[in-house]
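Student: Got a structure here, written out as structure tokens. Questions coming.
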Amino acid sequence: MNLGELVSALNDFASLSLAESWDNVGLLVEPSPPHTVNTLFLTNDLTENVMEEAVQKKADLILSYHPPIFTPLKRVTWKTWKERLVVRALENRIGIYSPHTAYDAIPHGVNNWLTKGLGDCTSIPLHPSAAPSHPTESTHRVEFYANNTEHLDTVVSKIKTIQEISCLATLSARVEGEEQTRVSLNCSQKALLEVVALLSQDTLPYHKTEILLLQKPLLPHTGMGRLCTLSEPVSLSDITERVKNHLKLPYVRLAMGVGKTVESPVKKVALCAGSGSSILKGTEADLYLTGEMSHHDVLDAVANGISVILCEHSNTERGFLSELRDMLATHLLNKVSILVSEKDRDPLQVA
């Protein structure tokens with residue numbers, strides 16, 4: 001596949017509009033065209049060791065879950081390791097693509113994979129994602145009432161000249177025993193300013209003027225984090241073992257909530273791959289499961305009777321790559337060879 005086709009297919013697999021606003025996702029490094037991708041190389045973190053592996057395996061595009069370029073680079077030299085990644089990629093004609101939080105949000109993404117370690121359960125997003133656009137081209141709805149029909153006709157005629165106005169309608173209505181006309185319209189943010197300015201300039205009073213924000217519809221099963229309800233409660237010690245087995249870890253870090261023991265039942269688990277403090281905070285659950293949390297956020301959870309399992313940041317993400325490989329093979333119709341890095345690993349080890 002050529003690079004443009006593959007990037008388009010990857011964007012179809014997980015829309016980048018689902019990524020958090022602070023994130024840096026998409027195609028980060030692009031070799032000069034034309035660029036054909038025969039081998040797609042998957043990694044959680046693109047380190048220099050992983051880059052060397054990608055070069056040796058003749059990768060044409062690296063999909064790095066975490067974006068190796070996050071803060072802006074002011075230069076591309078051999079001085080820092082992230083600059084060297086860019087140099088090595090371009091020298092070897094390797095593109096770099098990162099989905100990061102877009103993969104956190106999708107129903108078939110990282111957080112969904114993490115729930116599979118809990119056993120039989122149902123889950124919903126902790127922070128649901130909204131559709132990337134409004135159901136119409138408009139962002140706001142304006143409604144107001146007036147009792148001077150002749151003057152109102154002039155105002156409505158002026159409103160019709162404003163661009164990005166839709167669904168303009170008038171309807172007779174009785175308000176507080178008086179016959180009036182209700183006007184409603186949908187408009188863009190830009191048109192809203194013009195409508196408000198027009199109504200403000202008019203000496204005729206308009207009653208019950210309302211400006212409503214048209215909400216983007218929520219996407220089903222899509223969003224950050226997951227709140228999981230187990231079909232049957234299990235002990236804290238059992239759920240800890242399940243997590244270790246799923247992540248293939250010999251150990252995790254466990255903080256027990258106040259008044260809890262390893263035999264305490266766990267029915268609800270709030271989880272977030274990676275660093276989950278901001279997503280999990282304030283959620284009512286028996287257990288928080290994530291890669292890392294700040295010391296004080298752990299103390300807050302424990303004080304509220306919520307136990308915490310920490311697995312280190314990338315350990316809650318990396319195992320997803322094998323599942324991702326199979327899903328992408330199907331999505332891409334087996335048109336490219338897909339490899340998973342063997343050098344990629346969490347930087348923290350038990351000493």
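Quick reminder: no glycine exception, Cβ is built from N, Cα and C everywhere.
Summarising the annotation, TrEMBL assigns divalent metal cation binding site to H66, D104, H313, E317.
Show me how these features fit into the shown structure, please.
Tutor: Close to E317 (divalent metal cation binding site) in the fold, though at least 6 residues off in sequence, lie N44, Y65, V110, A273, G274, G291, each with a CB less than 8 Å from its CB.
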Student: Taking every protein chain shown into account, which of the binding-site residues H66, D104, H313 has the largest tally of Cβ atoms within 10 Å of its Cβ?
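Tutor: When each Cβ's neighbours within 10 Å are tallied, D104 leads.
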Student: What is the set of residues, excluding H66, D104, H313, E317, whose C-beta falls within 8 angstroms of the centroid of the C-beta atoms at the divalent metal cation site?
Tutor: N44, Y65, H100, V110, A273, G274, S275, G291, S314, T316
